[in-house]
Amino acid sequence: MPYPKKVTIKEVGPRDGLQNEPVWIATEDKITWINQLSRTGLSYIEITSFVHPKWIPALRDAIDVAKGIDREKGVTYAALVPNQRGLENALEGGINEACVFMSASETHNRKNINKSTSESLHILKQVNNDAQKANLTTRAYLSTVFGCPYEKDVPIEQVIRLSEALFEFGISELSLGDTIGAANPAQVETVLEALLARFPANQIALHFHDTRGTALANMVTALQMGITVFDGSAGGLGGCPYAPGSSGNAATEDIVYMLEQMDIKTNVKLEKLLSAAKWIEEKMGKPLPSRNLQVFKSS
């Protein structure tokens, strides 16, 4: 299959990038950074999480951030929503899309959110129904699709079963997560073959971690199979919680650079994106793993 002519990058740095970081980023700095990202040409930014502050203290200012940002025309501002209370707060903050989440691995789901996958499905169905009543779309994250830190391999049958249940709820898109950064192109092909036999490619997104340096190679395989939506985090912000010190989220600017070199449109202005990544790197007080950011700083 030929490469697509256009790809959508969904920026998750302000949520997924910051949520596990020990450094507190002030509310006004979060707002400034999101506003910078809004002016890069990105059409989608996941700005925060409405998970209880007890679990994600780094994003305890979620409502203030959501209310404080500038809203650029044509940009969807999304947030992670764990339950109906979180959805109520997200609606108060003026969020455009609710992002729900669960694991394909039973063990990881229990350790991560203290629920069975069946219990999670029940909650997410309620959240999705309430979001639709409020005229919000719902995006679902399914993590540990390509490997679990506890169970190792996750059966493809389990991934298919949970994906079918989520789509039956009426979610608009399913983002498949490589939580431990263990995926390889052959595995990506196998998983996508199974899912694309059941679901349309335009409702599947991929969220790769670059822990072992395979994120971009995995994306090329997905592109060849018709996937046109990928998650990225500016600067590569957000480490892998199961491999301390290792790279986590794929850097948005590395994805954009690769796609541009392949003549695939993203509508993202790379230099503005790099400036935003450099800005948050300075606020974090540590080097971020993005390759293109390092080149940008040295030029």
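Yeah, the Cβs are placed from backbone N, Cα and C, and that goes for glycine too.
The following features are taken from Swiss-Prot:
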type	residues	note
ACT_SITE	C240	active site
BINDING	R15	substrate binding site
BINDING	D16, H207, H209, N249	divalent metal cation binding site
DOMAIN	7-274	domain 'Pyruvate carboxyltransferase'
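Comparing CA positions across the binding-site residues H207, H209, N249, the one lying closest to the residue listed as 'substrate binding site' turns out to be N249. Counting Cβ atoms from all protein chains shown, the residue listed as 'substrate binding site' has 26 others lying within 10 Å of its own Cβ. Excluding D16, H207, H209, N249 themselves, the residues of that chain whose CB lies within 8 A of the CB mean position for the divalent metal cation site are, in sequence, V12, G177, D178, F208, D231, G232, S233, G238, G248, A250.
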